């Protein structure tokens with residue numbers, strides 16, 4: 001998809017779909033004010049509200065409302081922007097858009113207003129993505145994290161780190177010009193120390209971005225275990241509703257069941273699965289295959305065992321969970337144990353029926369979801385998978401640069417620093433291909 005042209009004027013409905021009290025049509029581009037004049041809004045002044053009747057080509061009134069002009073470059077897109085605020089009737093809003101197109105505008109593509117804001121330097125790529133994340137936020141915590149990303153909290157940290165890597169690269173490339181001199185005499189120790197500090201900063205930024213990604217996307221947690229361990233009962237207890245069928249018959253669950261729950265503003269998707277065991281009929285075996293497939297994309301495995309027979313339960317699971325990096329072992333049905341029974345100290349003892357241990361389970365889930373410091377949200381920002389991937393590449397190149405410096409391979413070290421800087425530039429859009437930009441903005445809402 002090609003990037004937006006600043007010579008055209010675009011139009012779209014900017015308010016939410018459906019019927020509402022107020023509807024907004026947004027224009028952006030060089031003809032915005034001229035089109036507004038043809039609609040019947042004459043002598044507009046920037047940043048003043050003008051009451052007007054919006055008319056069609058025959059002079060008939062389409063609607064009446066308020067018109068606002070945000071003159072370039074003092075607007076969201078950096079261009080002349082006119083917003084027409086009328087009644088929230090989809091029929092009237094579509095008619096108003098059609099009239100603007102008759103007057104020379106064209107229908108905006110999804111995300112094209114934000115794309116123009118990016119191209120005109122009003123915000124960087126991470127901030128533009130934060131707009132979509134703010135709109136789609138499912139809870140207050142995610143919304144606040146997206147707001148911080150939109151305010152530039154994430155971008156500023158990325159830019160500061162990129163600047164540090166640039167300075168280090170300048171020192172390394174300067175040393176290349178004096179190849180006959182030992183690196184230490186050219187400030188090599190300071191470069192290594194500086195790179196070490198930059199790697200620490202990068203590692204922390206990566207951890208924070210991963211946490212921000214979880215805030216945006218939520219966590220995929222798979223309930224896994226042998227039949228009749230109480231996985232479905234536990235899902236119902238955590239969800240607060242009878243989402244899964246529960247019986248005393250082993251193998252009741254044959255398919256996967258997804259249920260999203262909120263943990264203090266964090267979304268956790270629980271996946272109930274078929275119990276793992278040897279044998280079973282064809283349908284049950286297919287259910288077990290799907291359970292293992294869910295584990296392959298799980299962020300967290302909730303291993304549910306019957307506390308009355310832990311060894312047999314562990315044997316039934318086998319190596320199914322080995323591929324999941326994070327696991328939480330849950331000993332269910334603890335209410336059926338005698339007082340003398342002892343459980344693994346690293347596991348959580350719960351009863352899905354009585355509710356015993358569920359509060360502790362919630363606490364552990366929060367900690368696993370967001371890591372250390374889950375109660376400190378002041379610095380949280382939203383992030384996306386591509387941001388995390390870019391930071392990981394930057395970390396790999398920074399580590400490689402440190403290794404090459406140790407061998408005094410200055411040309412290779414300089415190249416690794418360049419690649420680390422390039423990976424960071426992809427986050428903010430300073431170094432992004434047009435096809436990547438097009439893919440990102442096409443996922444936005446129309447009118448944004």
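Residue positions begin at 1 at the first shown residue.
Quick reminder: no glycine exception, Cβ is built from N, Cα and C everywhere.
Note that the structure is a prediction, hence the values are computed from the model and not measured.
Taken from Swiss-Prot as is:
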BINDING   26, 83, 122, 448  (6S)-5-formyl-5,6,7,8-tetrahydrofolate binding site
DOMAIN    218-370  domain 'TrmE-type G'
BINDING   228, 247, 249, 252  K(+) binding site
BINDING   228-233, 247-253, 272-275  GTP binding site
BINDING   232, 253  Mg(2+) binding site
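DSSP assigns residue 274 (GTP binding site) to coil, not to a helix or a strand. Here the Cα atom of residue 228 (K(+) binding site) is found 57 Å from that of residue 122 ((6S)-5-formyl-5,6,7,8-tetrahydrofolate binding site).
Here the C-alpha separation of residue 232 (Mg(2+) binding site) and residue 26 ((6S)-5-formyl-5,6,7,8-tetrahydrofolate binding site) works out to 49 Å. Cβ-based neighbour count (10 Å, all protein chains) for residue 232 (Mg(2+) binding site) stands at 24.
For the binding-site residues 26, 83, 122, a Cα to Cα distance of within 10 angstroms from residue 274 (GTP binding site) holds for none. Note: the Cα of residue 122 ((6S)-5-formyl-5,6,7,8-tetrahydrofolate binding site) and the Cα of residue 231 (GTP binding site) are spaced 50 Å from each other. DSSP gives residue 232 (Mg(2+) binding site) a helix state. Every protein chain considered, the tally of other Cβ atoms within 10 Å of the Cβ of residue 83 ((6S)-5-formyl-5,6,7,8-tetrahydrofolate binding site) stands at 22.
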